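Novice: Sharing a structure here in structure tokens format.
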Amino acid sequence: MDHTQQSRKAAEAQPSRSKQTRFCDGFKLFLAALSFSYICKALGGVVMKSSITQIERRFDIPSSISGLIDGGFEIGNLLVIVFVSYFGSKLHRPKLIGIGCFIMGIGSILTALPHFFMGYYKYAKENDIGSLGNSTLTCFINQMTSPTGPSPEIVEKGCEKGLKSHMWIYVLMGNMLRGIGETPIVPLGISYLDDFAKEGHTSMHLGTLHTIAMIGPILGFIMSSVFAKIYVDVGYVDLNSVRITPNDARWVGAWWLSFIVNGLLCITSSIPFFFLPKIPKRSQEERKNSVSLHAPKTDEEKKHMTNLTKQEEQDPSNMTGFLRSLRSILTNEIYVIFLILTLLQVSGFIGSFTYLFKFIEQQFGRTASQANFLLGIITIPTMATAMFLGGYIVKKFKLTSVGIAKFVFFTSSVAYAFQFLYFPLLCENKPFAGLTLTYDGMNPVDSHIDVPLSYCNSDCSCDKNQWEPICGENGVTYISPCLAGCKSFRGDKKPNNTEFYDCSCISNSGNNSAHLGECPRYKCKTNYYFYIILQVTVSFFTAMGSPSLILILMKSVQPELKSLAMGFHSLIIRALGGILAPIYYGAFIDRTCIKWSVTSCGKRGACRLYNSRLFGFSYLGLNLALKTPPLFLYVVLIYFTKRKYKRNDNKTLENGRQFTDEGNPDSVNKNGYYCVPYDEQSNETPL
């Protein structure tokens, strides 16, 4: 008899175990698919950031416009983020994420399309390409050439083709579409993950997710490094006819290849989400035997949430309920402080990262390929390790909400302190005759002064808009052979095989020759290696606290409002940080330019040369200005968090058990959505 009853119970238990297994397998598949989508999302972001300088040169636009293009991703995200976050949680979240990944892939491919319609890239005037020895490049006494640029007839003729430069608008549209597609991935993905993870494992899953996502930036940096060394029109022109190198300020790599690869990967990542369930199967009893992830609420919060729940039951997607929910999070003092704090921090991060590669190129004389490779190989693995370590520390020591705030405050303070060490590493301006030095290469000049012609080139009637830099034997770079006073040349138009002679402005122990290309900056090589070490250190401490920031956000609001809170947070961050930060960073950087290119229409194009010192102080100073207020706001955040949870300490719950870790709600189940092993379930409500 007993044996028969045991067999019957075992038979009844088997389907539950099978259902639980399917549930766990579905969660693991979702976690794997979400990780892949995070990789693709991060890959696309790095590809855009690392291509900023090349996009500026290809479309002949200033940094403020390239900042707008970069902010297009956030503009697209901004258009739909709130509605996706609020209404998306009530729909099929995995399928919405899949649709988003597909749209993100289409947007990435659209970004690359202008390359195929713009024609070949012309890095110099057509008549200059034909012959290096013509009168526009070398100095011929009393030649009839305008010193300020080409004639109006030439400008008007070239301006018809110049209309293609407006193709950058399609790059902006593609980036906006990529932002729209990315919208559901973070709020819906993390809320789905939090709903169905095992109890106490949310922080660990988030740390793992962000660590795996670091594969995307690594691939992005390596891929961008490889493609940056490939000429933009590879496959269309004879590469032997290209006389510029990656060290030249006019060089444009195959930036479009990175976007095509990323687009195909994003489309592939969308496929698994269409085969995942809306909600994993679970019994009603499991739903009843679970409690909220959020900490016990005060009586006022309970009453408020009861009213919200009643309204949601009447019409879960009406606008009145949305506005009431929005008001609920905006009256949460912890949430508002956290919102302002992260807005400033993220603005500094987005703005600095957008122009990080330009900073390295201009400050230390490195190519885009070298900057991408080193950052991808060294910095990104360090950040991945720091993110995983940060998530592990929070879980291992079971940090409360106050503890998490203190932990992030510590990591942010250390990273902030190390940033002051960047300033001694700034390099001096490039020795550039006519821009930072007089034309004889002897005396420095202020960058805002229009340097007058010297005795050595005043009779050459040179075109000052001409950009064909040469390196003199005296170590000074000249804008063109004509402005160096060179009378003759020998070579095959290649940088290492072309020499200019009889250069009256060059004086170096009787040797007055020069070769094609800019002079290298050997003095900054040591500073660059110290910069990399410092960058790794700052990145480590910055990344260590990033997973914990998400936990502070989720624990500051009621569980029912998590998706909306994350969505509204993303809305503000993207509107005021993601969109505006690259634009005003770009505007600050444009003010440090001392030599602009001239478009075929005679208008200002991309910057050829920056004042290195002014660039460095503007870039680093703006970073510190945005990251100083958050340190004080962390103190305020800790104070309000302590005050909120102090009144809940050691409160006796309705079932007679005490909640001893109210500041650590991560150790509590969320509405029965967690994958609790069958043999661990009991008749008691798990806390």
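All positions are counted from 1 along the displayed chain.
Backbone N, Cα and C atoms are what each Cβ position is placed from, and that goes for glycine too.
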Novice: From the topology recorded by Swiss-Prot, do V451 and K646 fall on the same side of the membrane?
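Specialist: For V451 and K646, the topology recorded in Swiss-Prot gives opposite membrane sides.
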Novice: Annotation phosphoserine per Swiss-Prot: which of the candidates S290, S509, S600 has it?
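Specialist: Candidates were S290, S509, S600; Swiss-Prot attaches phosphoserine to S290.
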Novice: Based on what Swiss-Prot says, identify which of N496, N650 is the N-linked glycosylation site one.
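Specialist: According to Swiss-Prot, the N-linked glycosylation site annotation belongs to N496.
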Novice: Out of T148, T660, report back the residue that Swiss-Prot marks as phosphothreonine.
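Specialist: Annotation hit in Swiss-Prot: T660.
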Novice: Between N318, N511, which does Swiss-Prot record as N-linked glycosylation site?
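Specialist: According to Swiss-Prot, the N-linked glycosylation site annotation belongs to N511.
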Novice: Candidates are S283, S667; I want to know which one Swiss-Prot annotates as phosphoserine.
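Specialist: My reading of Swiss-Prot gives S667.
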Novice: Just to verify a number: CA distance, C462 (disulfide bond) to C486 (disulfide bond), in angstrom, no decimals.
Specialist: 11
Novice: Cα-Cα, whole number of Å: C456 (disulfide bond) versus C482 (disulfide bond)?
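Specialist: Roughly 10 Å, rounded to the nearest whole number.
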Novice: Do the transmembrane segment (371-394) and the transmembrane segment (532-554) come close, with at least three CB pairs under 8 A (pairs 6 or more apart in sequence)?
Specialist: yes
Novice: Where, among 29-48, 68-88, 95-119, 329-350, do we find the most CB pairs under 8 A to the transmembrane segment (532-554)?
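Specialist: Highest pair count goes to 329-350.
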Novice: Enter the number of other CB atoms within 10 angstroms of the CB of C505 (disulfide bond).
Specialist: 27
Novice: Which Cβ among the disulfide-bonded residues (C456, C462, C482, C486) has the fewest C-beta neighbours inside 10 Å?
Specialist: C456
